[in-house]
Amino acid sequence: MSEKKQPGVPEQHATRAIFFVGGFGAASWAPLVPLLKARLGIAEDVLGMLLLCIGIGSLLTMPLSGAAAVRLGCRKVLTAAGLVYAALLLLLCTVSSFGMAVPLLLIFGATMGCIDVVVNIQAVIVEKAAGRRLMSGMHALWSVGGFAGAGLFGIWVGTFSLTPLLSTIIAAAIMVLVTLAASRHLLPYGGDAGGKLLALPKGIVTFVGIIACIAFLVEGAIMDWGGVFLTTVRHFDMSLAGTAFTVFSAAMLTMRLFGDWTVQKLGQERVVIGGSLLAVAGFLLVIFAAEPALLYLGFFAIGIGCANVVPVFFSLLGKQRVMPISLAVPAVSTLGYLGILMGPAVIGFIAHQTSLYTAFGLLAFLVLLQSIIAAYVYRHILD
């Protein structure tokens, strides 16, 4: 049957393209947040509640996205989601009513969550068909899209003095063109759900979900609190607030670009457990190092160490037989996204009750726990 033909190189490139669109859209939205705040005339606490709509939309959609991929195929779901994602950027750039911003952000989050789940379903199927590791490189394209989206928006507004609206139109056009170009090589199917719409994780999928939750929690915490740690605890100049996450992200992107080769050479167990222990060492440097260079080395080590944990375990979802891919990927993605949402709040609560040093120490402990869970999975479940 032609519809079920084995995916090849064109399908691999199409998968990477959609990962790029996902990261590009998220990064293109970030500069619009202060503009939305100004247009609506709202305070920071109201903005925070408004932005929570993105997370709620994602969490509501993620568990059902696998079922949509099964019923409609990855191609239809990802093409529609990519086009809606681009259109929503334009609407969010112009919305001036709080009542309209809420549903738009809910749908924006739902679309982002849908893309995240379904592109990972496609990635698992494509990697399995290829018979070699591709997942780290594919996940790297989300980061590449993020760097491209943030960088190009800054160039368009700062260097060429384009208006935010015109810059957003260009960004949305890029997303539409990349989505349509990739569309013909996206899979017309999306796995088998075994007759179920959604399911709770079980067996190895539960462990993978916990690992994803920890990994995303750490990433979200560094994104939101790394700059605060530098400026309020280490007393760096405010202009350097973003450098912690920049160093972390650059390290993660670099390692993911070489991740498939590294896993092939060293083995997934060494990469995951060794990487987690390297990240723990990085946190210890961040907490205890007196020299700024060593502190940045710590953030770099955390990025290197954490980079391939999620891609490696998403690859495992294609090999396990406990749950169908179209149920396992949404379950793990949902748990991972819970980590992103919980991370900043948990760190903020602990920092308020104790200190950011203690909060970052908790992150180090969680990464150590991640390595222990990974070791258990490799030595007792996968043996």
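Just so it is clear, glycine is given a Cβ too, placed from its N, Cα and C backbone atoms.
Remember, TrEMBL labels are computer predictions, not curated facts.
These numbers come from a predicted model, not from an experiment.
According to TrEMBL, the protein has these features:
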{"type": "DOMAIN", "residues": "205-383", "note": "domain 'Major facilitator superfamily (MFS) profile'"}
{"type": "TRANSMEM", "residues": "14-34", "note": "transmembrane segment"}
{"type": "TRANSMEM", "residues": "46-70", "note": "transmembrane segment"}
{"type": "TRANSMEM", "residues": "77-98", "note": "transmembrane segment"}
{"type": "TRANSMEM", "residues": "104-126", "note": "transmembrane segment"}
{"type": "TRANSMEM", "residues": "138-159", "note": "transmembrane segment"}
{"type": "TRANSMEM", "residues": "165-187", "note": "transmembrane segment"}
{"type": "TRANSMEM", "residues": "199-218", "note": "transmembrane segment"}
{"type": "TRANSMEM", "residues": "238-259", "note": "transmembrane segment"}
{"type": "TRANSMEM", "residues": "271-290", "note": "transmembrane segment"}
{"type": "TRANSMEM", "residues": "296-317", "note": "transmembrane segment"}
{"type": "TRANSMEM", "residues": "329-351", "note": "transmembrane segment"}
{"type": "TRANSMEM", "residues": "357-378", "note": "transmembrane segment"}
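In this chain, the transmembrane segment (138-159) lies out of contact with the transmembrane segment (77-98); the count of Cβ pairs under 8 Å, excluding pairs fewer than 6 apart in sequence, is fewer than 3.
The transmembrane segment (271-290) is in contact with the transmembrane segment (357-378), judged by 3+ CB-CB distances under 8 Å for residue pairs 6 or more apart in sequence. Here the transmembrane segment (329-351) lies next to the transmembrane segment (46-70) in space: the count of CB pairs under 8 Å, restricted to residues six or more apart, reaches at least 3. In this chain, the transmembrane segment (199-218) touches the transmembrane segment (357-378); three or more CB pairs sit within less than 8 A of each other, excluding pairs fewer than 6 residues apart. When each of 46-70, 138-159, 199-218 is checked for Cβ pairs under 8 Å to the transmembrane segment (104-126), 46-70 comes out on top. For the transmembrane segment (238-259), the partner stretch with the highest count of Cβ pairs under 8 angstroms, out of 14-34, 138-159, 199-218, is 138-159. If you count C-beta pairs under 8 angstroms between the transmembrane segment (296-317) and each of 14-34, 138-159, 199-218, the highest count goes to 199-218.
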